[in-house]
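Okay, structure first, notes after.
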Amino acid sequence: MSSSRPASSSSSRNRQSSQARVLAQTTLDAELNAEYEESGDSFDYSKLVEAQRDGPPVQQGRSEKVIAYLQHIQKGKLIQTFGCLLALDEKSFNVIAFSENAPEMLTTVSHAVPSVDDPPRLGIGTNVRSLFSDQGATALHKALGFADVSLLNPILVQCKTSGKPFYAIVHRATGCLVVDFEPVKPTEFPATAAGALQSYKLAAKAISKIQSLPGGSMEVLCNTVVKEVFDLTGYDRVMAYKFHEDDHGEVFSEITKPGLEPYLGLHYPATDIPQAARLLFMKNKVRMICDCRARSIKVIEAEALPFDISLCGSALRAPHSCHLQYMENMNSIASLVMAVVVNENEEDDEAESEQPAQQQKKKKLWGLLVCHHESPRYVPFPLRYACEFLAQVFAVHVNREFELEKQLREKNILKMQTMLSDMLFREASPLTIVSGTPNIMDLVKCDGAALLYGGKVWRLRNAPTESQIHDIAFWLSDVHRDSTGLSTDSLHDAGYPGAAALGDMICGMAVAKINSKDILFWFRSHTAAEIRWGGAKNDPSDMDDSRRMHPRLSFKAFLEVVKMKSLPWSDYEMDAIHSLQLILRGTLNDASKPKREASLDNQIGDLKLDGLAELQAVTSEMVRLMETATVPILAVDGNGLVNGWNQKAAELTGLRVDDAIGRHILTLVEDSSVPVVQRMLYLALQGKEEKEVRFEVKTHGPKRDDGPVILVVNACASRDLHDHVVGVCFVAQDMTVHKLVMDKFTRVEGDYKAIIHNPNPLIPPIFGADEFGWCSEWNAAMTKLTGWNRDEVLDKMLLGEVFDSSNASCPLKNRDAFVSLCVLINSALAGEETEKAPFGFFDRSGKYIECLLSANRKENEGGLITGVFCFIHVASHELQHALQVQQASEQTSLKRLKAFSYMRHAINNPLSGMLYSRKALKNTDLNEEQMKQIHVGDNCHHQINKILADLDQDSITEKSSCLDLEMAEFLLQDVVVAAVSQVLITCQGKGIRISCNLPERFMKQSVYGDGVRLQQILSDFLFISVKFSPVGGSVEISSKLTKNSIGENLHLIDLELRIKHQGLGVPAELMAQMFEEDNKEQSEEGLSLLVSRNLLRLMNGDVRHLREAGVSTFIITAELASAPTAMGQ
């Protein structure tokens, strides 16, 4: 597939290409199925797949065959033998269709069950309630009355004639209700509760294991879930099967019993799992085949039904003969498959708005959890449901891994783009990003790259020859003349005539045109080179019977499909290439735009003024909020010393503000909370802000006897103007009363109603459910919060009717939120300790409520769990306001960071123009004095580049920052002249005379060190001296140079520079900022002096400031090494 660079967004491009791919693939599936049905024993799977790849494009005339194929898939009239099926009229509950084995299974008389009545007969028109005992019939009738009839699955019923128990599994189909009946085995303990809550206990251990994973590795996640499913179900083989972007599949993770051939690493063509089957997996997320050799059972329908009964939602639906043959060939007699459904586009996560699930983004099938067994195997419905829930939890974590991978990917690409941009700005030539390190191959994954520039070719690793590069460029100019870029996973399919000559090593290509003649290329080899084989049979050329559909034959077919193809280029890779293309065009554009330089100062000035005004307003608001908030707020500096303690914190703890300030935070919390606070403080100082952390604070004075104060805290890193973390602010919520209520509730069973229904505003919103999942409690605070009265929600299913991702009283944001709530509720019912979790739902009026939720088990006197109680905590208006202000502060910091990035990018373009102008001047007839001025300009240019590079430093003002020193030989005269030149215009404006009382020996001294940094330091202190000198004053520079021998031919030079100026001197506040004695916000001058002082300390030097009558002096010291030229003298 090849594509030019479109203007639409990557998500829309992705969606359109996906739809087109699915339509084309469905047609191919239909063709294969038709060939199979017609060919019989002569069916050759491998040849057909290869023929489809090389065949003509899909024609519209085949649509009838596709429709027939889809109808055949969806409307089969056969079921498997592990149960029986009834289809019921929705209004009367009379039978309108039944499987041939249903009468025998449901109405056979058992001699062990005495009966005086005639046994019921099962046929068309039979009322389903007549077949079962009263209790089972009532439960079934109740379930059939729900809008979501599957909500109570499985329903335990007993046959009236035989007394045999069955699981009734209900779902709605077009025009009717379909009920599967699966017998409960004598060895199986039946699930006595309606609904799915009991199934959770079966998967509780596996879910806890997945929940405890740290994240950051998709491979670890998949290996864990595969191992847990293997242990839970007992199948011989369990695999995590992942679909790739082009719909082909891969066994990503696998575990088997000893002796089985592994399939790990096998890739399968997209036709192995047809699109119609994938659609069914999206609707019915668990599929079980008990015995592929068993005879299927027919379904008998009433005559003249106005619709076809669809068995798509039935677990009993029989597999198609093609799939049965595949299973037989691979000796997989039984299988169990769970769908893993994730968000369709992880790139759009940040665009998700607070809307109910039905308005949310679509889902896609990420892959399957596949279980195989070498003998017939039946898994009861409760265990299947547990596996389905486990797959849902797994899908939530897959989504999280997508997000982590996306963040890491963006970070790495951004880092690489920055490094390549820096190289371009320094050299102003694309050759530097090809010949240097890193280079363009580090930007995206590829096997080779090339640059065509000025008619010449530069090649990297596995790239075509120079003549082939020219040939590709000619083809691009001829066929894709109007395109600024191109990406293809197959040059052969894209129509490049020379693709065959390139062979398998050059299949895919991405192109970025700098201009009509200069082009960047990236190349990829064929896909098979990327494929790994997981077992001993690692030679794909081993002979197989091409007529027997088998995993290794599918792998061979896949290799045929991907011949002459590479891995596809993803949207984020093309975005990275496109960004580099824009940078290259801007850097190499000879026609500069004068308006850019003129508008730059205005834009920077506006940003600066707006940013400072906004920051001052935010800071003032933060201070006011902290002092007046009705929630406790405390703050510490980088050493953990308290520098903020509001009145609410003082009121709760009994510790006055004056007594708290200056004390270490760890001395104020309970011993049991010290590790928690230490971790929270450490992470916050690293910029990682934890949320909803609970710890206990000591009480003092009159509050001492009340016990510790329990706080739930959000950590907010305090940052300075340059986004450096300088402390931590803790925005807390007092949970002491909440904890007392919970403790009292769990201890005193008889008092719970008085507590729950107390209208006291201190009582939080509380709701509960019994052990079967029915809502059993809903207090007054919950009614006020949600808008739903107690009698409107009691005796409804808590998970499904009260809370659900759609069609519930309180809709949740999406399916992931529902799964998380299920885990929390079921964990409490299983007796596990649960932590508070973020929770959100839409109230009756459609307003989205964000809160914390804690679930606690309810026990009877005997210690048996009889239900669950949930406590909701909603943040106060003050806390919400404080969080909004914090967000505004973070946005302001982000604005300033973007401004810095913009400045850095925009400044480099005019700097490149200045560099070009100076180089051009050097080639003209200049006298010695003019050449000196050009040399001064070059030195100032190097200084600017050095300062711009410092913007990458995370902590530029800290002594331990990564500011580097480059050792090179330089003349002290060059440093002084360049530094003085930077203040001459200011001196002329104020009438200040600047004099350099420097001896000739000093000026001609050649030394080793970082001359650019020394120049930066000297210019900073000169600027400050000039700024705070009176009009008409003077500034004097003097020096002292001492050599210390440390060997026969090596000397260390102790350099001392004095900058003396007239006037009152530099303000004390500025000096305090330079010497880090002032923790307040730093000014621009203070920051500049602090950075210069840190640089001096890296040079084993420092700065002192002397203030005398009418005169002030900076004394600068540094340690350098003498250069060889000086040693020779």
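Each Cβ is built from the backbone N, Cα and C atoms, and glycine gets one as well.
Keep in mind that this is a model prediction, so the values were computed, not measured.
According to Swiss-Prot, the features are:
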REGION    1-24  region 'Disordered'
COMPBIAS  1-21  compositional bias 'Low complexity'
DOMAIN    217-402  domain 'GAF'
BINDING   C322  phytochromobilin binding site
DOMAIN    618-688  domain 'PAS 1'
DOMAIN    748-822  domain 'PAS 2'
DOMAIN    902-1122  domain 'Histidine kinase'
| query | Do the domain 'PAS 2' (748-822) and the domain 'Histidine kinase' (902-1122) come close, with at least three CB pairs under 8 A (pairs 6 or more apart in sequence)? | reply | no
| note | The number of other Cβ atoms within 10 Å of the Cβ of C322 (phytochromobilin binding site), counted over all protein chains shown, is 15
| field | Model confidence over the domain 'GAF' (217-402) (mean pLDDT, whole number) | value | 85
| said: Just to be sure I understand, if DSSP states are collapsed into helix, strand and coil, how many residues of the domain 'PAS 2' (748-822) fall in each? | reply: 27 helix, 16 strand, 32 coil
